[in-house]
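As given in TrEMBL:
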DOMAIN    1-49  domain '[2Fe-2S]-binding'
Amino acid sequence: QCGYCTPGQIMSAVGLLRTNPNPSREEVRQGLAGNICRCGSYDSYLNGVMRAAQIG
């Protein structure tokens with residue numbers, strides 16, 4: 001959507017996947033919780049991290 005939070009979401013996701021390469025959906029939700037998204041795209045980021053974890 002707007003992209004305002006994308007850098008923070010990506011950095012959080014990379015850190016999470018480095019420490020936990022196979023996180024649960026709730027672990028991803030907690031890992032991204034510190035980022036504030038203005039447009040409400042939380043589910044898109046969550047789904048993207050889950051997909052990245054599946055791909056490896």
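Cβ coordinates are placed from backbone N, Cα and C, and glycine is handled just like the others.
Since the structure is predicted, the reported quantities are computational estimates derived from the model, not experimental observations.
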Averaged pLDDT score, the domain '[2Fe-2S]-binding' (1-49): 94
Counts of helix, strand and coil residues, the domain '[2Fe-2S]-binding' (1-49), according to DSSP: 29 helix, 0 strand, 20 coil
